[in-house]
Amino acid sequence: MNPLILTILLTSLGLGTTITFASTHWLLAWMGLEINTLAIIPLMAQRHHPRAVEATTKYFLTQATAAAMILFAGLTNAWITGEWTIQQMTHPLPTTMVTLALALKIGLAPLHSWLPEVLQGLELTTGLILTTWQKLAPFAILLQMQHTNPNLLIALGLLSTLVGGWAGLNQTQLRKILAYSSIAHLGWMILVLQYSPSLTFFTLVIYFIMTFSAFLMFKLNNATNINTLATSWTKTPVITSLSPLILLSLGGLPPLSGFMPKWLILDELTNQEMNALATITALSALLSLYFYLRLSHAMALTMFPHNLTASTPWRFTQNQLSLPLATSTTLTIFLLPLTPAVISLISL
């Protein structure tokens with residue numbers, strides 16, 4: 001892609017998210033979401049491959065449907081209450097409509113079926129943008145809203161954690177596995193949203209760091225399915241040695257960074273006297289942990305059966321920068337000791 005066009009598209013992505021961040025009016029927030037959607041569509045379709053075009057079309061139709069629901073909900077709220085401010089959405093009808101529309105935008109279950117199919121048709125770099133940056137603007141709106149239907153958020157969050165873990169068990173494509181991982185992590189965030197918005201934001205940041213490491217690791221190995229992970233040791237032995245720690249951090253295993261947000265969320269749910277919900281959520285994390293263990297086994301404990309002595313593609317020099325991966329991997333593995341400082345910041 002032309003560097004000038006790429007710069008314009010990436011700037012538009014940042015502009016759309018910034019507009020939504022700074023907006024308290026529904027029309028401005030909706031406009032920011034639309035700029036964000038229209039900016040990423042050329043990035044998704046840049047390969048000119050039928051699978052990429054199909055994924056782009058699915059994404060556009062899904063986002064257009066969610067945007068129409070958001071606009072209709074804003075109009076309904078203005079008609080009922082006379083207010084266009086996001087914080088003043090207090091009627092249950094428009095609040096429920098907006099919550100479902102934003103759930104469709106970010107891929108919460110049961111409105112999640114588009115996310116694995118779209119992510120499967122994209123390059124890893126574009127998929128990284130889709131699973132990280134594109135979540136910021138909808139979450140900015142969710143954090144501003146007054147949620148009048150707490151049971152809806154609990155249902156969406158619990159179903160997302162279960163679906164994200166259960167549906168990822170039989171997947172062999174890495175991009176689909178990362179999509180279901182995204183669904184499961186978003187479910188954890190939505191569960192605690194109405195009780196501790198700051199904890200939701202913190203969990204989102206930790207998820208971004210861990211997902212950034214996972215995507216860059218697969219991109220460095222040029223891997224798209226589990227079978228190709230067996231050649232990872234030949235390509236990048238150091239990264240392959242660290243890969244189980246990155247994947248198990250995504251699964252929330254102590255003493256890695258991914259354990260911290262899940263522990264804090266379970267603690268908050270227990271403080272809210274929702275012990276059954278906390279137990280089911282903790283058990284659902286075991287499902288996700290299983291397919292992360294599958295990836296770790298395929299990557300670090302499996303060798304490709306035919307080790308050729310000739311020059312092979314995976315021994316070519318990599319052009320990818322290693323500093324971003326090194327930084328995010330360090331944060332993914334070693335942030336857990338900062339838990340007391342994080343708790344003090346959240347409690348402010």
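Note: Cβ is positioned from N, Cα and C throughout, glycine not excepted.
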TODO: Tell me which range among 29-47, 124-142, 238-256 TrEMBL lists as transmembrane segment.
DONE: 238-256
Task: Long-range neighbours of the transmembrane segment (57-80), counting only residues six or more past its ends (CB under 8 A) - done: 26-27, 29-30, 33-34, 37, 40-41, 44, 88-89, 91, 93-95, 97-98, 100-102, 104-105, 114, 117-118, 130
Open item on the list: Below 8 angstroms Cβ to Cβ, which residues of this chain, lying six or more residues outside the transmembrane segment (323-346), approach it?
Closed with: 196, 198-199, 202, 206, 209-210, 212-213, 216-217, 220, 239, 242, 245-246, 249, 254-260, 263-264
